[in-house]
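As recorded in TrEMBL:
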type: SIGNAL; residues: 1-23; note: signal peptide
type: DOMAIN; residues: 51-222; note: domain 'VWFA'
type: DOMAIN; residues: 296-333; note: domain 'EGF-like'
type: DOMAIN; residues: 343-517; note: domain 'VWFA'
type: DOMAIN; residues: 531-705; note: domain 'VWFA'
type: DOMAIN; residues: 712-748; note: domain 'EGF-like'
type: DISULFID; residues: Cys738-Cys747; note: disulfide bond
Amino acid sequence: MPSFLLLEAICIFLFSRVPPSLPLQEVQVSRETIGKIAVASKMMWCSAAVDVLFLLDGSHSIGKGSFERSKHFAITVCDALDISPERVRVGAFQFGSTPHLEFPLDAFPTQQEVKAKIKRMVFKGGHTETGLALKYLLGRGFPGGRNGSVPQLLIVVTDGKSQGHVALPAKQLKERGVTLFAVGVRFPRWEELHTLASEPTEQHVLSAEQTEDATNGLLSTLSSSGLCSTAAPDCRVEAHPCERKTLETVRELADNALCWRGSRWADAVLALRCPFYSWKRVLLTHPATCYRTTCPGPCDSQPCQNGGTCIPEGLGRYHCLCPLAFRGEANCAPKLSLECRIDLLFLLDSSAGTTLEGFLRAKTFVKRFLQAVLSEDSRARVGVAGYSRELVVVVPVGEYQDVPDLVRSLDSLVFSGGPTLTGSALQQAAERGFGSATRTGQDRPRRVVVLLTESHSQDEVAGPARRARARELLLLGVGSEAVRAELEEVTGSPKLVLVYAEAQDLFNQIPELQGKLCSRPLPGCQAQSLDLVFLLDASASVGPENFTQMQSFVRSCALQFDVNPDVTQVGLVVYGSQVQTAFGLDAHLTRAAVLRAVSQAPYLGGVGSAGTALLHIHDKVMTVQRGARPGVPKAVVMLTGGRGAEDAAVPAQKLRNNGISVLVVGVGPVLREALRRLAGPRDSLIHAAAYSDLQYHRDMLIQWICGEAKRPVNLCKPSPCMNEGTCVLRNGSYHCACRGGWEGPHCENRVLRCPQ
């Protein structure tokens, strides 16, 4: 072979061996925002009536690996779809040389079934006949769909290298009202994707190689049309600069080399310098605009104090890298706690006089205070309100799941910039600031309003503050040195005012505010005598892991009581395949012993009967012979998932008729009707969505138990008399009238008759 032909063959060979490179659609934002985009893609949900059809390229130009990535993208999108026959229907085609229906829109009614079918799809290969697949849909419509009576979405996942024309069938589909998304995979031809996609193309062209980003982009477009929504109200769809990149192979002149040109018929051979080319991969960038949804991140509120660095860890989670002096403390906070039982309302001035900077400083102070002093064991309940012209309660007292949820809720408190009407705000706070958290009499916790302001009021404050204090509200004032006198007028005492000269000094007031809130000890119910029995559902419907969480919850409740024979006695009954007394009321005389015994309670499995378990407590646990004490309040706390409770209403009422209070703690996403009936006429019911959420309801449970411990007691209910003796009330005490053959204070002794 002539040498110049050999050189040309080598060059062609080199070109054919260079693999094409992966193109990216990359949003040009910070790593933090990219993390927020990924998190937001998991917080979006589409439940409108819509038909969604995936058209997946299964041709040889895609390859099996990219086909698997296409399937992964489709499955990720399905995670956000409320799939059901009435709402979102999903179907799928695979196309190569010909279109192949994988499953119609009406084939699978649940998300799990659809995802499983997509996962089982097998790569078929063939030519890239995208246009043929679109023409098939033009002629046949969406198989199993609702004939255009609901919105139709066609999601084409392809490399954009069709071997036929796509423009006309794509245009005709869009004219019929089909919304068409073009999602690139492997090394797409972007111009063809733009031809396929609906307008505006920036919102309908995506890349499946970045699954979370593409899912966010698709769902963001659907959110703009009202078909999808986000779980958090603060999430927003925003335009971001982005680049579509393709790494292509180009020819580049490397050098000149000596070569020979000639002919077999010629006698002479001509020597020349011929160009020698190399092949180089070049990144080609195409600027674009991408629309993505972002949600506030866990670090936006700057939760890490004292110079700590916040590191986000996905959906609503973060951790703090703390300086050495604060390591081991939550959020690098000073080690404080709010142990007193109070209802606390923070009242933040959002008027123009305080300024936006001052308002944001006050809001950050409240966040840091809550993170520093509130914990899972805190007995305080907190609410937050802002004011200018009117009072706006953004977090009603006690209405939050946990401290992170409470802190996140503060983000909904916005600066209003109106007049400073502090007097009106105090009056409204006294009247409605505590809402459903208000109690009466001795059962009511101490109520506290913490006013934060840097601006003089434009209305009179002395009268409203005096009337608020007359309602037994403790008023505390936190503000700049300029408003010290007014805060003293509001609180009624200089000792109840915290002021700061420099803005940064505000955050040094956290320990002092904590001390003022808990300066007066409040009595709980630890000194109240009580016989308390926990009844745990240990059936197979609960499962061993959830049973373990119930045990943990009972232990945390037991920590709140003074366990000894003179104050609180605790018993535990479990039920499943049988009913079993784990330990009776008089079995353990200390709190430590009760905690150990709760941990050792058996999981039974099987099918449980709550009614049988309640009768067991009535007959064999809440009795004098089994350790129950006459004249002591008695309560049963039943924890169940609801199954097996259909027969429990009558036994529960039997316990109540006998002077024993019954509280039902129902666990599960849906509250069963049987548990509502079981709760009784006083609606003694607590509902937890999941067993892991029980911890958030502990304070409510303890409050209920303490309330029951203070109720009047009938000395004859339950009857302290054994062996069918009759209890008779007499002069503030009782007497047991025993049947023949029995005697003793409780008819506990058999009469022995000597033979004649």
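Quick reminder: no glycine exception, Cβ is built from N, Cα and C everywhere.
Since the structure is predicted, the reported quantities are computational estimates derived from the model, not experimental observations.
In the predicted model, residues of the domain 'EGF-like' (296-333) average a pLDDT of 71. Residue counts for the domain 'EGF-like' (712-748) by DSSP state, with H, G and I taken as helix and E and B as strand, are 0 helix, 12 strand, 25 coil. Other Cβ atoms within 10 Å of the Cβ of Cys738 (disulfide bond), summed over all protein chains shown, number 21. Counting every protein chain shown, the Cβ of Cys747 (disulfide bond) has 23 other Cβ atoms within 10 Å.
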